[in-house]
Each structure stands twice: as C-alpha cells, then as structure tokens.
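Down below is the structure, laid out as structure tokens.
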Amino acid sequence: MKNILDLKYEELVNEFQRIGLEKYRVDQVLNWIYKKKVFEFEKMTNLSKEHRKLLSEKFFIDLPKLLDMQISKIDKTTKFLWELRDGNTIESVALFHSGRVTACISTQVGCPVKCEFCATGQSGFVRNLTVGEIVSQILAIELNRKIKVGNVVYMGMGEPLLNFENVIDSIKMLNDKKMLNIGIRRITVSTVGIPEKIIALAESGLNVKLALSLHAVTDYKRDQIIPLNKKYSVEELIYSLRKYQEITGNRVTIEYILIREFNDYPEDAIRLVELLRGLSVYVNLIPINPVNPKFHRPNRWALERFKEILEKNGIECEIRKEKGTDIDAACGQLRRRKLR
C-alpha cells in the first residue's frame, strides 16, 4: 500500500489509472484531503462504495499523530509534537503575525549536522522524512489548530538540503493548486550550507526563497559551532550564494546567531560586510536562545552596535523578534522528544 501524501499529482494520476480509475477521480480525492481535510476514503461520499473500497485496499492517508500541542501565552506561537507511523517523533511550529500563519516544518528525525547551539542535533539523527511526512505536517497543523497556513519555512528539525529529493518533491506539492496551493515565493528553505545543493536548488527552477544559517564569518569560529563547516568552508558557502543569485536573481536571507563574546564583536560585523559585498541580502540578527549553557546572549548594546555597523555599510538587517521562547519553539530549540 502507498501513502497518497507521498505522491505528486502526475504520480497519482498514473497510480489511479493503473487500478482502473479515471483522472478526474484524483481531483475528487485531492479535494477531500487538501481542501476539506477528510482523511478517510469511506467519508469521500462523491465516490462510489466500490471505489472507496478499492482505494482503501491500495492506499492509505498517513497523518502524524498529535502527542502534544503547546500554545505560547506571549504570542500564540504553537508547537506541535507529532508521532510518525514508525514511532519516531518530530516537532513543527505555527507562527502568527499580521493575520498570516507561517508553518515551520521538519525534514528529518533529528539532525546529523549537530550545531553546538541547536537542540535538535543533541538528540542524534535517525532518518530522513518521506515526502508525505513533510507535507502532512501542514495538513495536521491546519486540522489541529483550525487555521490556514499561508507561508512555509523549512526551518524545523533537520537539514533540508540533506534530504534534497524529498524536500524538492514536497515543495512541488505545497505549491500545487490542486493540493496546498501555497505560493512559491511564500516558501523558504533554510540551510546551514551545502554548497552543491544550494546551486542545485537554484537550478531546480522552483524559485523558492533561500535562508543561509551563517552564524560566523571565519572558518576558525564557524568550525567551533557548526561541525559541517570543516567540510564546507565559509568561502565555499559564499561562492554558492553568488552562483545562486546569478541563476535566480533572488535576494538571500542571512541568519546570524549572536553569541556573547564569541561572534558579536565589531570586527565580526566588519568581516560580515566584506563577505556579503556584491550580494543582495537581508540579515536576521538572532540573539542566541538558551540551549547550550556555555553560550550566552549578547548585551543589548552589543546587538545594536553590530546592527549599526551593518546598516552603515548598506546592509539591510533587523534584530529578530523571537516567538515562542516560553514553549521552547524559537530558533534552535526544537528537539526529538517523547511525552513522559
């Protein structure tokens, strides 16, 4: 049996025709799933009983099981703990701002990158998520929170570009008008930096937004907090961004976590200006969230000083207003966990 949520539109048409069902039946089923949020074939009443039985024998619709839902008392940010079919768990987040809802979704169970400041990698890496497990997070968020997701960021658990094929297919399904119908420019892929995959993303023609988690401006410092940097240097990352912009023309968001007396010095800001020269970028400055006790948030004056140096050199930036910190739903705080 196949999970319908793993299949793109053309694949579903082929699968349905293989079992003797017309193409328009695909549209009917997708309307039930993606528009009406009905996930049992038996309840799809514009299909005959015979067709419902046939579909139940050949396919299943796999939504993650909700284990826990926490809602921030500060800003309504909602964190979801899901159990997958094999018993593994992942987390997703819904962010609320200016009448819009952004879903922050996971792409892996755990994470192999193991950034020092991130909770996800501390629980180890298990496996990549399937296409359906990525897409179903949006459906499950909408179902359980009674909301409509308008923006999606691949910024939850895992490194999206290390699950490249499934992420690409899931983006196509999010954007498909017969499925979730989310505008392509409302989808952002956030990566710690896999240069060849950044270029491949540009060459895919999908035209999604890209965010690079840079966090340090020298290999010496980045090696200390992002082990993967020992394989892909800062220079290689910046080169891949230049290639990305040559191909797409899109502005790139640079994520920069600020850690007190580590990467928050004026010389770090000046080096960042030099690195980004000639690129069209927007820089998010993120005071580190409490995960690793050896790292501390910078002083407010250090934050403002860093921001001022960037702005004086023509780089648009902001100090990110963190959401969901009271429920551990902010940047770097998602982890693989079980309910006690």
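Just so it is clear, glycine is given a Cβ too, placed from its N, Cα and C backbone atoms.
Residues annotated as active site, S-methylcysteine intermediate in Swiss-Prot: Cys331.
The [4Fe-4S] cluster binding site annotation in Swiss-Prot covers Cys111, Cys115, Cys118.
DSSP assigns Ser213 (S-adenosyl-L-methionine binding site) to a strand in the three-state reduction. Residues annotated as S-adenosyl-L-methionine binding site in Swiss-Prot, with sequence analysis given as evidence: Gly158, Glu159, Ser190, Ser213, Leu214, His215, Asn289.
The feature disulfide bond is assigned by Swiss-Prot to Cys104-Cys331, with sequence analysis given as support. Annotation note: Cys104 (disulfide bond) sits in a strand segment as assigned by DSSP. Cβ neighbours of Cys104 (disulfide bond) (same chain, under 8 Å, six or more residues apart in sequence): Ser92, Val93, Ala94, Leu95, Val153, Met155, Gly156.
If you look up Swiss-Prot, you'll see 97-326 marked as domain 'Radical SAM core', on the strength of sequence analysis. Mean predicted confidence for the domain 'Radical SAM core' (97-326): the pLDDT average there is 95.
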Asn289 (S-adenosyl-L-methionine binding site) has its Cβ surrounded, within 10 angstroms, by a count of other Cβ atoms equal to 21
Would you identify the secondary structure of Ser190 (S-adenosyl-L-methionine binding site) according to DSSP, in three states?
strand
Glu159 (S-adenosyl-L-methionine binding site) to Cys111 ([4Fe-4S] cluster binding site): how many Å between their Cα atoms?
6
What is the Cβ neighbour count of Gly158 (S-adenosyl-L-methionine binding site) at a 10 Å cut-off, with all protein chains included?
30
Filtered by Cβ under 8 Å and at least 6 apart in sequence, the residues in the chain of Ser213 (S-adenosyl-L-methionine binding site) near it are Cys115, Ser190, Thr191, Val192, Gly193, Ile226, Glu255, Ile257
